[in-house]
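Student: Here it is, the structure in full.
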Amino acid sequence: MAWPTVGYLRRQTRSRYRYPVILVLFLLYVFFPIPWPSGHAPYEYSNHHLTFRGTPVIQHAFTTPSADTGRLKAVKAEFVHAYNAYRSRAWMHDEVKPLSGGTHTQYCGWAATLIDALDTLYIMGLEEEFEEAVAAVHRMKLWYAPSLACSINPFEMTIRHLGGLLSAYDISGQRDERLKRKAVGMGEMLLQAFGRNGIQCRAILWPRLWGWPCTPNSGVSFARMGSQLLEFVRLSMVSGKRKWSDRADFAAQELLRVQNKSRIPGLWPRNFDGTCDQGLCDLTDGPQFYTTASGADSSYEYFVKTHLLYGAVDDSYARMWAAALPQLKKHILFRPQAPNNADLLFPGEIMTFKDLPQSFSGKVEHLSCFLGGLFALSSRTVIDNTEDIEIAAKLTNGCVWAYESTASGIMPDTVVFEPCPPSNPKCTWNELSFAANTRKHGDATLPKGFIKVERPEYLLRPEAIESVFYMYRITGDEIWREKGWRMFTAIRDASRAKYGHASVANALVNATGQVEENQMDKMESFWLSETLKYFYLLFADPRLVSLDEWVFNTEGHPFRIDEEYRGQMYA
C-alpha cells in the first residue's frame, strides 16, 4: 500500500462525521494533553559537505549470482533442527530450553520464537510449516496473558512480535490478511506503552494495557527512543493509519532536538530522563556515557534504515545519521593493538564529565559488531563516500578476527582490547605491553590482543554474521562467504544440542568431547530470526531478499520497500 498522502488524509475528513470527530479530539486534548508535534522539526545541520546519493543501488552487480548449495543446505538443516525442537517441545511458548527440552516464558507467553521464525520459514521454503505457524498465530489472543504479573517490554515486543508479523506479511506477498490484522492488533497494544508525554515506558504490567497510563522513568535509553521508528513507520504504511508513524516522528524529533546539545554534539548519550511533561528532559551536567552497544545500538541503525524505507518522502533521518557519522569516527572508533599489526577497527565507549577529561574504554560488546554492516549500508544509501565502505570492512574484520582468535572460533560477549596509543601511530604489536596488560587483569591465558574478557559466553548473537552478510551483498567479494562459513561451523559445533542450539558458557575454550558441559539451557528467539537467517542469506542466491528491495529491522525481519520508493533517494 502506498504511503497516505496529505491529500488523501484531507479527503478522509470530508464526511458527515467530521464535526463530531473534531469535538471528541478537542475533549481528548483538554483532558489528556499529549504534545504531538506535526511534521519534521526544522533544525538544520552545518555540514556543508553532505552529499546524498541520487539513485541507490545497494547490492553488488553480481555477474552470475548463485547460491552455495552445499552450505545453504547445512544452514537450513540447523534451522530445521532448532525449529522442530521448538515445535515438538515448546509450541506456542516463548522459547524452548535446548538442553532440558522445557519451556521458558520471557514475553508473556506470546510465542516469541514462533513469531520471530515466521519469515525465516518462508525464506527457506518451508511453506507447510509457515502455513501451520500462521494459523497458530492467528488463533493467539494477544490481549490475554497467563499472569496478571506479566511485564511487557515494549522495546522487545516491537522488534520481535510487531517486526515478525509485519515481515511475515510482507515476505509472503502481502496476501494474508490474518497477519496484517494481527500486526495492527499488536500495534494498538503497543500504543498503550507510552506516557502522556509521548515517551515509551521501559516496561508495563499487562493490566495497564486496558487503559491505565504508564509513567516513563528517568532511565530512558537511546535505543528505546529510536527503535520504534522502522516498525511503526512500516505499520502505518501497511495499515494506512498515521498514528504509529506520528509516534515514531515524535521520538525522532525529540532525538533531533537534543542531538547537538550533548557533550559530544552529534552523538546521543545512552540514557535520558523521560519524566518531563513535554518529552525528554534537557541534558544535565552529570556524566554522559556514549556507546554503540547495548542501550544505543539500534537507534543508529534505524536512522539509516528508516531513511531507506521512507524513500522519497523525507531526508530528516539521513541527516541525523550524517551528523553523527563524523563524531562516531572521531570519538568512538579505535584501532586495537593486534598481532601481525592487523589493520582492524572496533567501536569503544566514552564516559564524559562536565569539568574532567573524558574517559575512553576499549570494551567491545558482541552487540556492537553490527556497526560494520551499518557503515556498509550507509555508504550505499545515505552518503556517497568510499571511505565508509573501507571502514565497514575494518569493523567487520575486527569482529571476524575476534572470532578466529579464540579456541572455539567464537567471539565472547564482551571483550576489552587495547587501543593503539598516540605514541604508536603505526600500531605496531608490542608483546611486552600485551603481557603487562593481561597480567594487570589477572589472566595471562587470553588470546593475543584480548586484554580482558568481561563476559566469556556466546548467546547465539547475530551481529557479526549480520555485518559479514552486508559486506558480501554490497561488495560481492567471495572472501566474506569463506569467513562466514568458518563462523558457522564453529558456532554449530559448540552450540548444537538435543533440543535445538544452546548458548555457549565460555567461548574461550574448545569443548570438543565435552560440548554439553560448556552449554547453557537457553536459546533466544533471535537465533531463528537473525543468526541463522543471515547465515542462510549469505550463501543463498543474492537475489533472494535483495537489499535493493528490502530493509531489515534490528531483529533480522525484512520489510518491503514499496516500489514507488525504490531508487528515489535525494539528489
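Even glycines carry a Cβ here, placed using N, Cα and C.
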Student: TrEMBL annotation: Cys399 disulfide-bonded to which of Cys276, Cys281, Cys369?
Tutor: Cys369
Student: Return only the integer: C-alpha distance in Å from Cys399 (disulfide bond) to Thr554 (Ca(2+) binding site).
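Tutor: About 18 Å separates the two Cα atoms.
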Student: CB neighbours of Thr554 (Ca(2+) binding site) within 10 A?
Tutor: 27
Student: How many neighbouring Cβ atoms, not counting its own, are there within 10 Å of the Cβ of Cys399 (disulfide bond)?
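Tutor: 28, counting other Cβ atoms within 10 Å of Cys399 (disulfide bond).
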